[in-house]
Amino acid sequence: MVPILRKLPPNLGLRGYEVIDDAKTQLEAACPGIVSCADILALAARDSVVLTGGRSWLVPTGRRDGRVSLASETTDLPGFTESIDSQKQKFSAKGLNTQDLVVLVGGQTIGTTACQFFSYRLYNFNGTASSDPSINASFLPQLQALCPQNGDGTKRVPFDTGSENRFDASFFANLRNGRGILESDQKLWTDASTRAIVQRFLGITGLAAFNVEFGRSMVKMSNTGVKTGTDGEIRKICSAINS
């Protein structure tokens, strides 16, 4: 969370740093040098799910913060046009499988993205001067109204149309119905290797399964590259390494 990573293109749309900074300030006042920013982020992610109607899970703590922030680290993040094979490779490199990929992308049941990351699908998909054929025909005009051609690319649009403030499984139903916002998300339905997993999370029973699996995948992801013991540090503020 140091400044260089905040300012790189894959992270430009992220919000809420002030919440993490406020939590860190209060924790440092109560118990200085004890709780890492990494743990605060993991706990805040869990709490945001619970506050929006999702199921809680036990978050392992004891992480320490890293001392290095490199622009090259963001190349590990899947891009918004990325193929499923490429997404799976990036997740596999972190010890995460195909189900983890689908489940964690499903976390976009809450949150927003910017027009600049998908408006090409509405007007000039792959240089065709037409829209992405995987977009539901009745949904296309809604997206075009939200993101006019040559309009404000920074305008925020919900990932999960109609349910963006509730942690549920409607994100997967939207993929089935051709209402995915990002190209990389919609590919979870159009690619046979991930469609069966998406189908598991549809409906009432699917929601129950998604809630369970999301917690498991979040723990699995948060255990990747963990620093403990004398490795790393406990940052005094989350936006910079200790001097």
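Including glycine, each Cβ sits where the backbone N, Cα and C put it.
Taken straight from TrEMBL:
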- 6-242: domain 'Plant heme peroxidase family profile' (DOMAIN)
- CYS37-CYS238: disulfide bond (DISULFID)
- PRO78: substrate binding site (BINDING)
- THR109, ASP160, ASP168: Ca(2+) binding site (BINDING)
- CYS115-CYS147: disulfide bond (DISULFID)
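With respect to CYS115 (disulfide bond), the closest of these binding-site residues in Cα terms is ASP160, chosen from THR109, ASP160, ASP168. The Cβ neighbour count for ASP168 (Ca(2+) binding site), using a 10 Å radius over every protein chain in view, is 19.
For the pair THR109 (Ca(2+) binding site) and PRO78 (substrate binding site), the Cα-Cα distance reads 17 Å.
The shortest Cα-Cα distance from PRO78 (substrate binding site) to any of the recorded positions (CYS37, CYS147, ASP160, CYS238) is found for ASP160. Cβ atoms within 8 Å of the centroid of the Cβ atoms of THR109, ASP160, ASP168 (the Ca(2+) site) belong to the same-chain residues GLY106, GLN108, ILE110, PHE159, SER163, GLU164, ARG166, PHE167, ALA169, SER170, PHE171, site residues excluded. Of CYS37, CYS147, CYS238, all annotated as disulfide-bonded residues, the residue with the shortest Cα distance to ASP168 (Ca(2+) binding site) is CYS147. CYS147 (disulfide bond) sits 35 Å from CYS37 (disulfide bond), taking the C-alpha atoms as the reference points. Of the recorded residues, CYS37 (disulfide bond) and ASP160 (Ca(2+) binding site) place their C-alpha atoms 28 Å from one another. Taken together, the residues of the domain 'Plant heme peroxidase family profile' (6-242) have an average pLDDT of 93.
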